[in-house]
Each structure stands twice: as C-alpha cells, then as structure tokens.
Amino acid sequence: MASPTVVIASLVFYSFIASFSVAANFYNDFDITWGDGRGQIVNNGELLTLSLDKASGSGFQSKNEYLFGKIDMQLKLVPGNSAGTVTAYYLSSKGSTWDEIDFEFLGNLSGDPYILHTNVFSQGKRNREQQFSLWFDPTVDFHTYSILWNPQGIIFSVDGTPIREFKNIESKGVPFPKAQPMRIYSSLWNADDWATRGGLVKTDWTHAPFTAYYRNFNANACIWSSGSSSCPSNSPPSSTSSNSWLSQELDSSNQERLQWVQKNYMIYNYCTDTKRFPQGLPSECNTA
C-alpha cells in the first residue's frame, strides 16, 4: 500500500493532468431544460452556469444519449454557506426500472466540507450510497469529475483519482446497467429537508443566488441513436484504440489509490451499514 505522502503527491499530479482537458462547446452538447433563465451558457459556449434562488433552481441535459462511455466534466461548486443546496451531476435513463449513476454534492455551512454523495441504480434498484469528503475545497477552482461506464463496471473518479468502483457481477444475480441508454443531467436545487445534517440546517436565502459552474465537458462514449450504437460491434476495443475505455479496468496502482481514498475519505458505505440491512447486506457487498 502506498504511503499517504506518495498518494497525496499522486493526487496532485493527476489533478494537474486533469486541468488540461480540451474545452467543449456547451451549445453543441447540452440543452438548458428548466430554471427560467437561471441556467446559462456563456463565453461562446465554453462555460455553463446553474443558479438557485428561493423561487427556483435550474438544470440541463445532454442532447445525446449514451450506452457506455467515459464522461468527464469540470465543476466549481457553490462557495460559502451552501447549506441546504444540492448540485447533482448524473447519468440516467427513463422509465420505472431506470438506470442511474450519480454524483451529488451536498452543501454545507461556511468552513465545513462538502459531502460527495454517490449512488448506482440498476433496473430501478437503488440504495447503494457511498459518501466521501474531498481532499480539496471544491468551491475554489474547477475539478474534474468522471464516470467510466463500460460492460465490466462503473468507476467514479475525481481529478483522475478513482474513489468508487461498482463491478458488473450479474453472474451473482446483481442487476447491472447495460441495456438502457442514458443522458447526462445536472441540476442545482434546494434540498434543505435532508441535504445538510439530515435537514437540520436550512438554506439561508440571504446568500442567494447560489451558482455552480461547468466547463471542459468531454465524452469518449457510444452515442445511442435510432436504436443503434455509434460504437462498432464487430471490432473489440484494444489498448491503443480510441474506444480502449470500453475494456478499461483498474490496474494495481489505481486499486491502491482507490483503497487509500476509501480508507481516508469515505464517510458512509451502504455495504457496512448492518443496521440498515438487518436481514443481511446486499449481495454485491459480499464480493471481493
């Protein structure tokens, strides 16, 4: 296992690499879907902002649907007293048995850290929450939040550092999102009934409007359109091809980094919550 000093240096290095993402044009990739003007695309399409005030929040969604992909987005979160607010950034399909892969950033009082809440839904099955604190202040600068979703599993990463892995273990009866195309969504909204200390701390509207910022979207992904995928089905991915992410898994170095982050920054794991699951932990929790 790598030492804390080595891992911190590695986190800084990967953060440095992540800052060089190629800028996307939000006009081409996303639509503002709600908020009555509180969501805006500015700087010739290089920056997107979402705002929340007492009347409404705001949100956007991707123009494309995807069936597997490596999705990167840089976010800078609401600064200061963000208690009661939630910035959600996620992939989701539609219907009663939907799939979903979530990043949710739970605001907090000034000086207290954000909580990064993650979840995976498969065929409508939920309750797979893991929560983390972060090793930096996510309101000071942009950081890259990534979802790698391929047939082998789902990996959540922050600035290139893996924080969570959800493997495909359908062979053990655990549903895995693999058949429903998903869009990318994001929203900034008021959730002071639960977001901060279980709803004990309410949103202070004297600090409104609250604003989150987005840039440098990148999707190496299979676009789903008219019932077919943009990824060729007859050519398996290789380590040198543009769709090498389709077969990507964590190597031993990244496994060590994942374990170190989970040991030092994970603050809730449904797989250890025996009070919540008195009849036994979910089956995926018993798989190494």
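Each residue, glycine too, has its Cβ placed from N, Cα and C.
Just so you know, TrEMBL annotations never went through curation; they're auto-generated.
Going by TrEMBL, these are the annotated features:
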{"type": "ACT_SITE", "residues": "E100", "note": "active site, nucleophile"}
{"type": "ACT_SITE", "residues": "E104", "note": "active site, proton donor"}
{"type": "DOMAIN", "residues": "7-214", "note": "domain 'GH16'"}
{"type": "CARBOHYD", "residues": "N108", "note": "N-linked glycosylation site"}
{"type": "SIGNAL", "residues": "1-23", "note": "signal peptide"}
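Feature map: annotations from TrEMBL on the structure.
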residue : record                      : contacts (Cβ under 8 Å, 6+ apart)
E100    : active site, nucleophile    : Y90, L91, S92, S93, N119, V120, F121, R126, P177, M182
E104    : active site, proton donor   : V86, T87, A88, Y89, Y90, L116, H117, T118, N119
N108    : N-linked glycosylation site : S82, A83, Y114, I115, T196, V201
